[in-house]
Amino acid sequence: MDGTKAAVESTTEENQEEREESKGCFECCIKCLGGVPYASLVATILCFSGVALFCGCGHVALTGTLTMLENHFSQITTDHATLTIVIQTMQYVIYGIASFFFVYGIILLAEGFYTTSAVKKELQSQFKTTVCGRCITATFVFLTYILGLAFLGIFGFSAIPVFLFYNMWTTCAAMKSPMANITDPDSICVDVRQYGIIPWNATPGKACGSTLGDICSTSEFYLSFHLYIVACAGAGATLIALLIYMMATTYNYAALKFMSHGNSRSTKFSEPY
């Protein structure tokens, strides 16, 4: 009987130790997950995806647009020399945007981890925020605000080629529609010179009738049109990511500022953890 009782007590102690270890592992996991800045993490994923779509699709779409103009609207090289330089410059700018946002997104994510950890430790009286840390967070708030305004302009600018290609596509669709009842297809034209893309002396400068229909059937037109749509969507996604970054960094700064005054109940201002 004594041996059975000792065995039962030993088993009970082992089960209790296992439960305590499991509880300790669970609390450790919760603690680790509590230090993740989820807002910054979501914004980083959205930013990387949006910038990749905008830069990749925009670069290919610009190349297709230049090829289409050279083949159908401006067959003399000197007429679109300026446009070629502008498109090449925009492609180099796209390289810079992709590189910059890759680095900036990682920095903002790291700043989110730092601030969330700092707020959590200060709540436990293990850490004190510094003026330097608050200034760095304030700097990111300002930079993200400026970048948000800049990308708002980029988003609007990226919608312009979508509008131009959509007008051309609807013209072709209306011309091919059996319900249109068009007696003179050659009277339907698209003149890209009126948009200021190429000069007025460019030849031919416009496409009419069957020529316009053939242009709308080319792979350059079809691919560029859809890539511009995706690039515009990517710019919109990047703009949303910057807005999330802006809210996250603002809350982080508010948390650090609030806690620097000796307050310990500032979890509402920090990123969720």
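The count begins at 1 with the first shown residue.
Glycine is no exception: its Cβ is also placed from the backbone N, Cα and C atoms.
Worth saying up front: this structure is predicted, and the values here are computed from it rather than measured.
Annotation comment: TrEMBL describes 41-62, 92-114, 135-166, 227-248 as transmembrane segment.
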For the transmembrane segment (227-248): best-contacting stretch of 41-62, 92-114, 135-166, by Cβ pairs under 8 Å: 41-62
Other parts of the chain folded back onto the transmembrane segment (92-114), taken as Cβ under 8 Å at six or more residues beyond its ends: 35-37, 39-41, 43-44, 47-48, 51-52, 54-55, 58-59, 133, 136-137, 140, 143-144, 147, 238, 245, 248-249, 252, 271
Same-chain residues at least 6 beyond the ends of the transmembrane segment (41-62) whose Cβ lies under 8 Å from its Cβ atoms: 87, 90-91, 94-95, 97-98, 101-102, 105-106, 108-109, 112, 154, 158, 161, 223-224, 227-228, 230-231, 233-242, 244-245, 248
